[in-house]
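K.L.:
Sequence annotations record features per position, and here Swiss-Prot assigns Mn(2+) binding site to His112, Asp135, His137, Asp139, Asp216, Asp218.
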Amino acid sequence: MRFDEAYSGKVFIASRPEWEEADAILYGMPMDWTVSYRPGSRFGPSRIREVSIGLEEYSPYLDRDLADLNFFDAGDIPLPFGNPQRSLDMIEEYVDSILEKGKFPMGMGGEHLVSWPVIKAMYKKYPDLAIIHFDAHTDLRVDYEGEPLSHSTPIRKAAELIGPHNVYSFGIRSGMKEEFEWAKENGMHISKFEVLEPLKEVLPKLAGRPVYVTIDIDVLDPAHAPGTGTVDAGGITSKELLASVHEIARSEVNVKGADLVEVAPVYDHSEQTANTASKIIREMLLGFVK
C-alpha cells in the first residue's frame, strides 16, 4: 500500500497499511444479484470509501480517534457477478478466515442477503450469538417469488439458524402480514417504527452475550437516506441511528461483528446517503472494536 493511500478515497480513511496487526478488518461485499426493486448496492462499498475522506477521524460522541484504532480496509471480496450461491459461499469463507485470526469483521454491502453468510460464520464461532437488526423491512420471507436466495429473506434464515428469540429487530415499518405473524408466533422481538427507546430496554437482557449488529441503511427515512434500493417513508433520523450505535457501544453487550448494507449510490445524487453511512461506520468501528 502506498504511504498516502489511507487518505486517497481508495480505502476507508485512516486504514492501516497492513492487516497482520489489525484488530478489525473492514471489507466490502459488492453484491446486488437478488434485489427485488432497484439494483445498484454493489457499488455501495466503493462510494462509502470515496466519501470517507470528508470525515474527521475523531468522534466527539465517543471521545475516540481512528488513530487509536488499528483497522485494515481489505477492499471488496471479488464476487462472481450473477451467482448468488457462490458469492454467499465466498463471503462465509472470508469471514471464517477473519474470525480464525481473532479479528473483528466489519462488512459493507451490498444487498442485505450478504449478511446471511456472515451470520453463519459468526454462529459457528459464537453459538450463543444474538442479532441486533436495524431495518425498514422485516426481511422474514421464506422466499421471494419462489426464490429463497433474496434480500428479503436473510433475517428469516438467521432466525431459523440461531433461534427467533435471539433476533432483535428495530425500526421495522414494512413487511407482509405473514412475516409479522411468524415473528410473533415464534418469539422474535420486533420493534415497529421505533429504535432508540426499545433498544435501551433490550440491551440489559443481552449483557455479556456475543452480538452481531446489522444495519440496513433504509431504516433511515428517505429524507436522510435516499440512496438505497427500497426506500420506505416514515423512518428514523440519522441522529437517532447514531444514538442507537452509541447506546450499543456503551452497553455491556459484546459486539463481535457488524455490517452496514443497501447503500445504492446511483440514487444518491448529493452523496448524502454515502456520507451518512461512512460516519455510521466510523462510529461502529470506534464504538464496537475495543
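Each residue, glycine too, has its Cβ placed from N, Cα and C.
Neighbours and distances for these, please.
P.N.:
In sequence order, His112, Ile155, Ser169, Phe170, Gly171, Ile172, Thr214, Ile215, Asp216, Asp218, Val219 constitute the residues six or more apart from Asp135 (Mn(2+) binding site) in its chain with CB-CB distances below 8 Å.
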K.L.:
For the Mn(2+) site (His112, Asp135, His137, Asp139, Asp216, Asp218), what does the 8 A shell look like? I mean other same-chain residues with CB within 8 A of the CB centroid.
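P.N.:
Along the chain, the qualifying residues are His133, Ala136, Thr138, His151, Ile155, Val219, Thr230, Val261, Glu262.
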K.L.:
For Asp139 (Mn(2+) binding site), what residues in its own chain, 6 or more apart in sequence, show a Cβ-Cβ distance under 8 Å?
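P.N.:
Same-chain residues close to Asp139 (Mn(2+) binding site) (Cβ under 8 Å, separated by 6 or more) are His112, His133, His151, Ser152, Thr153, Pro154, Ile155, Arg156, Gly175, Asp216.
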